[in-house]
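Visitor: Sharing a structure here in structure tokens format.
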Ligand SMILES: CC(=O)N[C@H](C=O)[C@@H](O)[C@H](O)[C@H](O)CO
Ligand SMILES: CC(=O)C(=O)O
């Protein structure tokens, strides 16, 4: 891996951590934690790609100015350490998304991703594609990914329909981050995808199923703290060792189902990452809340019992 060659337009594969946004205890950006965060992902988790300002990063709860400062800091600190930084630039306002897309190109991000707007929802896959095209036109050469997460956006179009002839509208199109449980739609995205696209799966608790369908990689929140184990899961899958791959996947399922019973959301997930990594990520921003400290401790204990330090 050369640090000189721009990673832009290198096919994105393997694990991508969807980063949390570090805040101070007062709820302001804590940019000073980002360098340490990148080192943690690389050295402790073996994760070499990040997806910033997405769901896990509370992107939709941040101002445009904050998103620019974060994107800049992530790109700066990732230089020479991460292979790719993908900046999520989706917003309710097309203008804001365009501004962030243009900014991501200026700061040297390797790609951008865009979620469907969800206050006013696109009425069809074609309308959504027009929105995505307008965003991409502000960064026409930057690799572009559609971020499919219907359970959160309420935009229930099939990802496969979004992909239909999309390169004629968006020549920089390079793939989809598919965060949904519909494996038929996922399979159809894979079978339709061009060789230079990356179809990345985003439901961490069932990654293994997506690998069987041919996922090129995965983007998710849990790769912040189980990345090293999921790298082993992927290696086991590639060697045909499904017993080992399932063993790791089932532990992740056990952790997430345990956490869900205690009320697992992005705020609690962030708290878990702070507990496990020792990074100071701070509280989430309203409307997200921290969970009671006792719950966070018991989720962290579950994590340590499932994934003991070697
Ligand atoms: C809704 C949400 O945050 N989805 C994330 C990515 O898309 C996932 O990485 C989940 O956090 C993860 O699968 C745990 O449920
Ligand atoms: C999981 C993911 O990709 C996100 O947080 O946006």
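Keep in mind that glycine also has a Cβ here, set from the backbone N, Cα and C atoms.
Values in this document were obtained by computation on a predicted structure and should not be read as measured data.
Checked TrEMBL, it gives:
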ACT_SITE  147  active site, proton donor/acceptor
ACT_SITE  177  active site, schiff-base intermediate with substrate
BINDING   56, 219  pyruvate binding site
Visitor: Going by Cα-Cα distance, pick out whichever of the recorded positions 56, 177, 219 is nearest to the residue listed as 'active site, proton donor/acceptor'.
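Guide: Nearest candidate: 177.
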Visitor: Given the recorded positions 56, 147, 219, return the subset with CB under 6 A from an atom of ligand 2, ordered by sequence, or none if empty.
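Guide: Among 56, 147, 219, near ligand 2: 56, 219.
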Visitor: Rounded to a whole angstrom, what is the C-alpha distance between the residue listed as 'active site, schiff-base intermediate with substrate' and residue 56 (pyruvate binding site)?
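Guide: Residue 56 (pyruvate binding site) has its Cα 14 Å from the Cα of the residue listed as 'active site, schiff-base intermediate with substrate'.
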Visitor: For residue 219 (pyruvate binding site), just count the other CB atoms lying within 10 A of its CB, please.
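Guide: Around residue 219 (pyruvate binding site), other Cβ atoms within 10 Å: 29.
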Visitor: Relative to the Cβ position of residue 56 (pyruvate binding site), how many further Cβ atoms are located within 10 Å?
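Guide: For residue 56 (pyruvate binding site), the 10 Å Cβ neighbour count is 24.
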